[in-house]
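Visitor: Sharing a structure here in structure tokens format.
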Amino acid sequence: MKRVFSGVQPTGNIHLGNYLGALKQFVELQEDHECLYCIVDMHAITLPQDPKELKEHILDVASLYLAVGVDPKKSIVFVQSDVPGHAELSWILTCNSYTGELSRMTQFKAKSKNQESAPTGLFTYPVLMAADILLYDTDVVPVGNDQKQHIELCRDIATRINNTRKKTFVIPEGRYLKEGARIMALDDPTQKMSKSAENIHSRISLLDEPSKIKKSIMKATTDSEGIVKFDVENKPGISNLMNIYSVLSGKSLDELEKEYDGKGYGDFKKDLVEVTVEALAPIKARYEEIRHSDELLEILRDGAERANAISVKTMKRVKENFGLGL
Ligand code: AQP
């Protein structure tokens, strides 16, 4: 059975972009793959985090994994820092990656843009991500489009090591959905929807109240033409909303164009509010049941144990191939 690994940073509440780009795939893949789904808290500290808030966010993200349908009987769900192999392998990969290739990462450029001196961890973030993936001999990594460059870097580092010493790593493949792979910010459809963007109306979080969802969608940037037509280049705002509508409702973009032919953006947005509220209601209800349960902590402890058992085997092989330790 092929192995799957992916993770989400506990940097805030999961939004529609994270859900439609990554989490929906998590649920599909667990039916016929061996899946590990991680809450990547060590990635979160590449930017300053309040310790109390970080702890809460870890449990929020874990609960949301379960609430969207990740089943701990089928998948291993755990917190990254509970498995020491991530940091250990990350150092070995850091010694086998180059500042030139890391400097080309667009996420680093974007996140360090307004900082006089960026944290080193922000720069080496993709190496830690490569370690997360390679630690479990992962075959498939379900992620949003924004992670394509990091997946390619992971493959490059692993291939380089395999070619210069004994074959050490499985070379993973990224898995990107056609729709949902890149959900854009509601206030600026040229930017991706993001947890940490300042404007809360730029995103819809899975736990948003219906009134907040309504406000964010009704305020969403469109254009002055008033024609519901999918055209990412010339009409990025309405195209992004159509994409969200399509994935949440199962209606195709063509169907939506026909349904809203002759109607304005107001009608379209009102219906999108309804579709979104309806899609998120069961997720929210399940989240409330899980979030403060003992079951959640048990699932994470058990997940860390099972993930650790796999990682120890990989680290033994890696250390042997690098001549590390006794
Ligand atoms: N807008 C998006 N559309 C589709 N997929 C997305 N993902 C993130 N944003 C979108 C995918 O969600 C997974 C988890 O992302 P992450 O939390 O590890 O980090 P991120 O990509 O940096 O997400 P955010 O929301 O933008 O967080 P912040 O603001 O903290 O940086 C990944 O698979 C990602 O591709």
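Placement of Cβ uses the backbone N, Cα and C atoms for every residue, glycine included.
Keep in mind the model is a prediction, meaning the values are calculated, not measured.
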Visitor: ILE183, ILE204: which one does TrEMBL list with GLN9, PRO10, THR11, GLY17, ASN18, GLY144, ASN145, ASP146, LYS192, MET193, SER194, LYS195, SER196 for the ATP site?
Guide: ILE183
Visitor: What whole-number value in Å do you get for the largest C-alpha pair distance within GLN9, PRO10, THR11, GLY17, ASN18, GLY144, ASN145, ASP146, ILE183, LYS192, MET193, SER194, LYS195, SER196, the residues recorded as binding ATP?
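Guide: Between the outermost Cα atoms of GLN9, PRO10, THR11, GLY17, ASN18, GLY144, ASN145, ASP146, ILE183, LYS192, MET193, SER194, LYS195, SER196, the distance is 19 Å.
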Visitor: State the Cα to Cα distance, in Å, between ASP132 (L-tryptophan binding site) and LYS195 (ATP binding site), rounded to an integer.
Guide: 21
